[in-house]
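Enquirer: Before we start, here is the structure in question, set down as structure tokens.
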Amino acid sequence: MGDYDDVTAFLGQKGPYFYRTFFLLNTIFISTGFFGLFIVFVGATPPHHCFIPDSGNLSEVWRKAIIPIEVVNGQEEESKCSRYRLDVVRNLSALGYIPGLDVNLTGVEQECCLDGWSYSKDIYQSTIVTEWDLVCDNEWKTPFASSTLFVGFLIGSLLSGQLSDRFGRKKVIFGSLVAQLVSVLIQAFSPSWEVFCIMFTFVGASQISLYISAFVLGTEVLSKSMREVFTTLGAFLHYCIGYMALPWIAYAMREWRTLLIILSSVPIVYIPLWWFIPESPRWLYSQGRVEEAEAILRDAAKRNRVTAPEVIFKDNELDVASAPKNKYSMIDVLRTSNIRCVTLMSLFLWMAVNIGYYGLSLNTSNLSGDPYLNCFLSALTEVPAYVVSTVLLRNCQRRPLLSAFLLIGGGMLFLIQLIPENLQGVAIAVEMVGKFAFTMSFTVVYIYTAEIYPTVVRSAGVGICSSAARIGTIAAPYVIYLGSINKYLPYIIMGSMTVTSSAVNLFLPETFRKELPETVEQMQQCKGYALL
């Protein structure tokens with residue numbers, strides 16, 4: 001398949017066919033920005049305390065005093081999981097005693113929230129937390145629900161490549177859109193938390209399958225010059241458009257079921273694109289479906305106003321394409337000592353970057369201020385990050401670039417703990433700088449990893465690193481959950497991993513403006529690899 005670009009060179013580098021495909025595929029990436037992080041709003045926990053049933057024996061002053069005051073992170077606030085015993089308080093109220101004056105409340109026995117909870121509706125009308133009381137003893141269910149999305153990411157990452165290789169990129173893209181529509185719609189009508197989590201796994205699997213398949217189709221269909229823009233700015237920036245639009249949709253629809261119903265309708269818009277987005281001629285050619293591949297290429301030539309050769313694929317090219325080749329698997333990225341070291345260090349890098357990126361993304365609802373604005377700002381910081389990282393990748397070495405971004409991101413995570421409580425605007429700004437750095441790292445690590453591995457195991461290497469990244473994203477909600485124990489703990493964990501990974505990265509070989517190794521043997525002979 002190495003001569004495919006030479007065979008299709010008659011199409012040129014630009015033209016209506018490429019422009020249309022570029023635009024349509026990028027519009028699909030907008031939808032991925034909606035579904036990846038709606039849990040920020042759907043799974044938000046509003047302020048709450050024990051529900052106090054209406055009772056004629058309970059005066060207004062006792063109704064206000066029945067919730068104990070606790071000190072959390074140095075500040076006094078109402079208890080979220082306990083109240084003074086209701087029967088005792090009713091008796092004291094009936095006797096006319098005044099809390100704090102006639103009765104020392106510290107001596108009154110407490111009980112758990114036997115009648116449920118009362119939730120603030122200042123920001124959210126309803127979330128899965130308020131729907132199924134995912135607080136106190138059930139608080140762990142919220143990060144678990146977030147993790148099921150990333151479990152779906154892991155499953156989709158492992159299956160989408162095999163499905164698209166067997167059935168085609170186009171079929172997997174539109175199959176993923178239909179699966180996304182159905183799974184989000186069913187999720188909107190979930191009768192229980194368990195059903196919500198199961199469907200969230202399908203949402204994650206369909207979303208990552210859609211992203212990967214559209215990404216692969218774009219790299220195979222577009223010309224070399226447009227392919228570079230598509231894989232760097234196109235896909236990432238259009239994902240950001242969806243990500244930035246999400247908080248405003250959530251702001252308008254503050255009831256979680258209504259929000260999911262609205263989001264589930266998004267894939268419907270893309271169904272008509274089936275008749276406009278072509279299958280990958282490169283994939284068709286590799287499958288021996290030469291006539292179909294030629295038909296697409298001739299249509300592309302017609303749209304680009306160029307003349308296609310009478311015979312596009314010659315017999316000798318078909319023989320080369322069908323010649324037997326050595327097969328490699330994920331085992332080969334761990335077979336030799338130096339490639340094993342590269343893989344293990346890359347796994348740690350991907351985990352650290354993803355924990356930091358998704359940790360800060362999921363934490364936007366926990367920041368002070370408006371959660372919708374915070375989410376928008378978090379998404380907005382990604383736009384310049386993608387632009388700047390794309391420019392720097394063309395002019396800077398990968399190793400110091402990635403280490404610098406990781407160090408900045410980790411430094412911001414440590415710095416945010418030193419900011420006083422009354423400077424919340426500064427704290428949010430510092431967190432956005434950290435998000436900017438992690439987004440830059442996210443972009444660089446994709447390119448860097450692909451350049452490190454030799455051609456014969458490049459897909460396997462990136463695939464196993466992507467799987468490690470999914471483990472990092474699965475862990476991210478639990479890292480954020482640790483903030484309920486100590487608000488600084490998530491930042492300490494994410495910051496420590498990030499700073500450590502920036503040091504580990506220095507031991508990886510430099511790839512900037514170097515010929516990429518084609519075989520494992522060539523990789524072992526390259527300068528930098530041999531030091532491992």
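Yeah, the Cβs are placed from backbone N, Cα and C, and that goes for glycine too.
As listed in TrEMBL for this protein:
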- 88-513: domain 'Major facilitator superfamily (MFS) profile' (DOMAIN)
- 21-44: transmembrane segment (TRANSMEM)
- 142-160: transmembrane segment (TRANSMEM)
- 172-189: transmembrane segment (TRANSMEM)
- 195-217: transmembrane segment (TRANSMEM)
- 229-250: transmembrane segment (TRANSMEM)
- 256-277: transmembrane segment (TRANSMEM)
- 339-359: transmembrane segment (TRANSMEM)
- 371-393: transmembrane segment (TRANSMEM)
- 400-419: transmembrane segment (TRANSMEM)
- 425-448: transmembrane segment (TRANSMEM)
- 460-482: transmembrane segment (TRANSMEM)
- 488-508: transmembrane segment (TRANSMEM)
Enquirer: Sequence-remote contacts (6 or more beyond its ends) of the transmembrane segment (229-250), Cβ cut-off under 8 Å?
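Expert: Here the qualifying positions are 22, 25-27, 29-34, 36-38, 40-41, 211, 214-215, 218-219, 222, 259, 262-263, 371-373, 375-376, 379-380, 382-383, 386-387, 390, 393, 443.
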Enquirer: Cβ under 8 Å to the transmembrane segment (425-448), counting only same-chain residues 6 or more beyond its ends: which ones?
Expert: 232, 236, 349-350, 353-354, 356-357, 360-361, 363, 367-369, 374, 377-378, 381-382, 384-386, 388-390, 392-393, 398-399, 401-402, 405-406, 408-409, 412-413, 415-416, 419, 462, 498, 508, 511
Enquirer: Counting CB pairs under 8 Å, which listed stretch among 21-44, 195-217, 256-277, 488-508 touches the transmembrane segment (371-393) the most?
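Expert: Per the Cβ under 8 Å count, 21-44.
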Enquirer: Other than its close neighbours in sequence, what residues sit by the transmembrane segment (172-189), given a CB gap under 8 Å and a spacing of at least six beyond its ends?
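Expert: Long-range Cβ neighbours of the transmembrane segment (172-189): 28, 31, 35, 160, 163-164, 195-196, 199-200, 202-203, 205-207, 209-210, 213-214, 217, 257, 260-261, 263-268, 270-271, 273-274, 277.
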Enquirer: Under 8 angstroms, Cβ to Cβ: which one of 21-44, 339-359, 460-482, 488-508 has the largest number of such pairs with the transmembrane segment (195-217)?
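Expert: Answer, by Cβ pair count: 21-44.
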Enquirer: Below 8 angstroms Cβ to Cβ, which residues of this chain, lying six or more residues outside the transmembrane segment (488-508), approach it?
Expert: 341-342, 345-346, 348-349, 351-353, 355-356, 359-360, 363, 399, 402-404, 406-407, 409-411, 413-414, 416-417, 438, 448, 452, 479-480, 482, 528, 532
Enquirer: Please indicate, using numbers and ranges, the residues of the same chain that are 6 or more beyond the transmembrane segment (339-359) and have a C-beta under 8 Å from a C-beta there.
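Expert: Same-chain contacts beyond the ends: 150, 332-333, 402, 406, 409-410, 413, 434-435, 438-439, 441-442, 445, 449, 452-453, 457, 461, 464-466, 468-473, 475-476, 479-480, 490, 494, 497-498, 500-501, 504-505, 507-509, 520, 523-524, 529, 532.
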Enquirer: Over the domain 'Major facilitator superfamily (MFS) profile' (88-513), what does the predicted model average in pLDDT?
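Expert: A mean pLDDT of 84 is what the model gives the domain 'Major facilitator superfamily (MFS) profile' (88-513).
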Enquirer: Count the CB pairs under 8 A between the transmembrane segment (256-277) and each of 21-44, 400-419, 460-482, then give me the winner.
Expert: 21-44
Enquirer: Same-chain Cβ contacts of the transmembrane segment (21-44) under 8 Å, 6 or more residues past its ends?
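Expert: Contacts of the transmembrane segment (21-44) (Cβ under 8 Å, skipping residues fewer than 6 from its ends): 123-124, 127-129, 134, 142, 145-146, 149, 173, 177, 180, 184, 200, 203, 207, 210-211, 214, 217-218, 221-222, 226, 229-230, 234-235, 238-247, 249-250, 256, 259-260, 263, 266-267, 270, 273, 276-278, 361-362, 364-365, 371-372, 375, 379.
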